[in-house]
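For reference, the structure is listed below as structure tokens.
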Amino acid sequence: MRLSSRSLSSSHCHCCSTPFSFSSFNRYPKMKSGSNTLMWFRKGLRIHDNPALEYAAKSSTYVYPIFVIDPHYMKPDPDAFSPGSKLAGLNRIRFLLESLLDLDSSLKKFGSRLLVLHGEPSDVVIRCLKEWDVKRLCFEYDTDPYYQALDGKVTNYASESGIEIFSPVSHTLFHPAEIIQKNGGKPPLSYQSFLKLAGDPHWSSSPLCTTLPMIPPIGDTRNCEVSEVPTEWVAKFEKPKGDPSAFIKPATTMLSPYLKVLLPVHSRGSKRGQKPHLSTNFPYWAAAWRDARTGFPWIDAIMVQLRKWGWIHHLARHSVACFLTRGDLFVHWEKGRNVFERLLIDSDWAINNGNWLWLSCSSFFYQYNRIYSPISFGKKYDPSGAYIRHFLPVLKDMPKEYIYEPWTAPLSIQTKAKCIVGKDYPKPGQFNLQASAYQLLFVYLNQNQTNQVCPVNPSWRPRWRW
């Protein structure tokens, strides 16, 4: 298994029309030797298996490896619901800075280093191109619409200035535009149709580049304000107390933050009937879900782990996403998408949007009556509730018979456990019954599941999948 992303069939090279191949250096487009090259790092923060860096290192006199700290993502926001910036939580920012330190360390082994700059990326990159007399610009192609806009501004300037541009597709396994083109100009709306269109990656038979022979030195940085990788950002905020990783050993490799490899996902919504969310967007419900105050311990424990760790198991993501959207609260999927984008250290624009579209049954998956239970699903894996007790210590003394449904415990049991539901831990019914009523109405309008139990019964649950 290859642990890093590889480029596919062709790259964006503005110096010739020949598709880029990974088989050897000899297949690269010809370029003038003895020129200055700017290597703009974004997501591919690695030395190995990096086509843009591999190309930049060939026949250059100087190579300027840069990373731009973008205030759009990194400016601290004191009004955010958790420490961090407006778009990125503390864990995500910390992981980025640690990755930059690792990249800087790798570059220093070649006698180079990472040049960190601050500001609006397109403005900063254009200034560097001018100041450093750059003749070649290399960067990894990005599918994120925000970066697409930045790239358009930079490439327009570079093209007008006669600067060679090399932008290979190496973050995704396939080029989304090529998949859409193969499908007659429309994005495939199922995974099966995507696989049929995609076939095998063009690079699958190419050798993996694990080392570089050399990286040319950095030239004069002149008037550009260059700094080392920042570390003070993290120090301004309190780290989560304790070490939860010492308690729970994740059942996955947890490689997603490092790989961030995804398949292209493009959709504007379902064409197969009404969307299964009502787009109610009630602020209280969304905030209760985000802040771990739903009254369902399985859901709340997951959201606490998300905030503390910046990572949760993929089935835990399924549970909380289903609960927020089609399962209980019928809040619009974009509200949850925004929380995941900010808190997950492995958050990626395309896969985050695609997963939320899927799990809310807004696209790709349409069996909206198949629900993850906020009670029985977690109990299947952890009958004793050890996971809940760890992340919700207020429930640590609750007997296992009631740990997933503490509101059903007699008052004497709640008192003994030092957790009175409605006082020490939220009641679930305050908003759940209203949401369930909406769900029952939705089922009725779709002429499906018409034999549901009346939602005025606190124990009523929709037809659970697990």
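Here the Cβ of each residue, glycine as well, is placed from N, Cα and C on the backbone.
Unlike curated entries, TrEMBL annotations are predicted automatically.
Values in this document were obtained by computation on a predicted structure and should not be read as measured data.
Positions annotated as domain 'Photolyase/cryptochrome alpha/beta' by TrEMBL: 35-173.
Look at TrEMBL and you will find THR252, THR253, MET254, LEU255, SER256, ASP346, SER347, ASP348 tagged as FAD binding site. Cβ neighbour count for SER347 (FAD binding site): 20 (other Cβ atoms within 10 Å of its Cβ, all protein chains included).
The site 'Electron transfer via tryptophanyl radical' annotation in TrEMBL covers TRP285 (among others).
For TRP333 (site 'Electron transfer via tryptophanyl radical'), the count of additional Cβ atoms within 10 Å of its Cβ stands at 25 [all protein chains shown]. Annotation comment: TrEMBL describes TRP333 (among others) as site 'Electron transfer via tryptophanyl radical'.
What TrEMBL records for TRP356 (among others) is site 'Electron transfer via tryptophanyl radical'. Cβ contacts within 10 Å of TRP356 (site 'Electron transfer via tryptophanyl radical'), excluding its own Cβ and spanning all protein chains shown: 24.
Least packed by the Cβ count within 10 Å, out of the recorded positions TRP285, ASP346, ASP348, is ASP346. For TRP356 (site 'Electron transfer via tryptophanyl radical'), the nearest of the recorded positions by C-alpha distance turns out to be TRP333; the candidates were TRP285, TRP333, ASP346, SER347, ASP348. Taking ASP346, SER347, ASP348 as the binding-site residues under consideration, the smallest Cα distance to TRP285 (site 'Electron transfer via tryptophanyl radical') is found for SER347. Using TRP333 (site 'Electron transfer via tryptophanyl radical') as the reference Cα, a 10 A cut-off selects none from the binding-site residues ASP346, SER347, ASP348.
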